[in-house]
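What follows is one structure encoded as structure tokens, with my remarks underneath.
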Amino acid sequence: MEEPLILNQIVCARVPTAVGEFQLCLYTNNRDDKEHLALIRGDVFGKENVPVRIHSECFTGDVLGSRRCDCGEQLHHAMEYIALEDCGVIVYLRQEGRGIGLMEKLRAYNLQDQGMDTVDANLALGHPEDQREYSVAAAILKDLGVRSVRLLTNNPDKIADLESRGIRVVERIPLIPTIYPDNAAYLMTKIKRMNHLLDAEVLQFVHSESNRNGNHP
Ligand SMILES: Nc1nc2c(ncn2[C@@H]2O[C@H](COP(=O)(O)OP(=O)(O)OP(=O)(O)O)[C@@H](O)[C@H]2O)c(=O)[nH]1
Ligand SMILES: [Zn+2]
């Protein structure tokens, strides 16, 4: 049986950003050697209906603004949303590349440039389509005293996983991506093969964009 998860909050520091000030708290745990993070606005302890984003690290999207995916935009939308509410948490999980790491994600990108979609590229490299789980995220939310969440996500598996770990998700807040020629096929795959909850209009737009650009997602 798996060892019980032990989580330690090591340090928190003030981070002023373009959308105001946050506290950034760093956690260690006994399951992996990653420094998982919580970016916190306001007093969330004991609160219900807290806006929460569980974000998986994407160096290319989050730092470089890559348009292969919608990660960078999702992170910034979540920060803006939480700033407007003046309350909320972004749990930043260091599970780069849906858990396969940056090296393998870059290999997967090369396979995608040869015509595979994001799911088949992972499978071709010997990885599951999604290697993530959210035990550390749930433990961080419990550590912060968050009682129920309004989750910023399009991923139904993330909601189910969190709920199975005792986090009450009272609402889903959709994240609507900007569609570019470089991410249209990728978004379509997320809708069709990963059950992501993107609106019908987005689906239609993705269709017309990918047809216009001759892509076949
Ligand atoms: N292996 C792999 N990982 C990717 C690819 N594109 C983005 N990622 C990673 O996918 C993770 C984000 O997952 P997404 O599928 O974009 O979104 P999600 O977290 O499942 O769902 P949302 O909450 O709606 O954002 C990050 O860790 C990215 O590094 C890809 O083509 N291949
Ligand atoms: Zn990304």
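Every residue, even glycine, has its Cβ placed from backbone N, Cα and C.
Keep in mind that TrEMBL annotations are predicted by a computer and have not been checked by a curator.
Not measured: the values here are computed from a predicted model.
What TrEMBL says about this protein:
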- 12-174: domain 'GTP cyclohydrolase II' (DOMAIN)
- ARG53, ILE54, HIS55, SER56, GLU57, GLN74, GLU96, GLY97, ARG98, THR118, THR153, LYS158: GTP binding site (BINDING)
- CYS58, CYS69, CYS71: Zn(2+) binding site (BINDING)
- ASP130: active site, proton acceptor (ACT_SITE)
- ARG132: active site, nucleophile (ACT_SITE)
To the nearest Å, how far is the Cα of CYS71 (Zn(2+) binding site) from the Cα of HIS55 (GTP binding site)?
8
For HIS55 (GTP binding site), the spatially nearest of the recorded positions CYS69, ASP130, ARG132, using Cα atoms, is ARG132
Filter the recorded positions GLU96, ASP130, ARG132, THR153 down to the ones within 10 angstroms of CYS58 (Zn(2+) binding site), Cα to Cα, kept in sequence order.
GLU96
How big is the gap, in Å, between the Cα of CYS69 (Zn(2+) binding site) and that of GLU57 (GTP binding site), rounded to a whole number?
12
Who sits close to THR153 (GTP binding site): which same-chain residues at least 6 apart have their Cβ under 8 Å from its Cβ?
ARG53, ILE54, ILE159, ARG172, ILE173, LEU175
Cβ under 6 Å from ligand 2: qualifying binding-site residues of HIS55, CYS58, CYS69, CYS71, ARG98:
CYS58, CYS69, CYS71
Taking ligand 1 as the reference and 6 angstroms as the Cβ limit (strictly under), which recorded positions among ARG53, HIS55, ARG98, ASP130, ARG132 are close?
ARG98
With every protein chain in view, how many other Cβ atoms are within 10 Å of the Cβ of GLU96 (GTP binding site)?
19
Compare the C-alpha of ARG132 (active site, nucleophile) with the C-alpha of each of the binding-site residues GLU57, GLU96, ARG98, and give the closest one.
ARG98
